[in-house]
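Asker: The structure follows.
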Amino acid sequence: MADKNDLSFTGLTDEQAQELHAVYMSGLSAFIAVAVLAHLAVMIWRPWF
C-alpha cells in the first residue's frame, strides 16, 4: 500500500495516475477519430458550404 506522503490530492499514486491518463487519452483519441469520420461522412453526403 502506498504511503500517505506518496498520494496526491486525488488519492492516486503516480503510477496509477499515469495509467489512468493513458486510458483516458486512448479513449479521447478514439472519440476524436469517430467524430472526424462522422464529419467527413456528412460533408461528403451533404456539404455545408
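Numbers here mean position along the shown chain, with the first residue as 1.
Backbone N, Cα and C atoms are what each Cβ position is placed from, and that goes for glycine too.
Quantities reported herein were computed from a predicted structural model and do not represent experimental measurements.
Not my notes, these are from Swiss-Prot:
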type	residues	note
BINDING	H21, H39	bacteriochlorophyll binding site
TOPO_DOM	2-22	topological domain 'Cytoplasmic'
TOPO_DOM	46-49	topological domain 'Periplasmic'
TRANSMEM	23-45	transmembrane segment
Asker: Across all the protein chains here, work out how many other Cβ atoms are within 10 Å of the Cβ of H21 (bacteriochlorophyll binding site).
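Answerer: There are 11 such Cβ atoms around H21 (bacteriochlorophyll binding site).
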Asker: State the mean pLDDT for the topological domain 'Periplasmic' (46-49).
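Answerer: The predicted confidence over the topological domain 'Periplasmic' (46-49), as a mean pLDDT, is 88.
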Asker: Sequence gap of 6 or more, Cβ distance under 8 Å: name the residues on the same chain that satisfy this around H39 (bacteriochlorophyll binding site), in order along the sequence.
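Answerer: Non-local contacts for H39 (bacteriochlorophyll binding site): none found.
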Asker: For the topological domain 'Periplasmic' (46-49), how many residues does DSSP put in helix, in strand and in coil?
Answerer: 0 helix, 0 strand, 4 coil
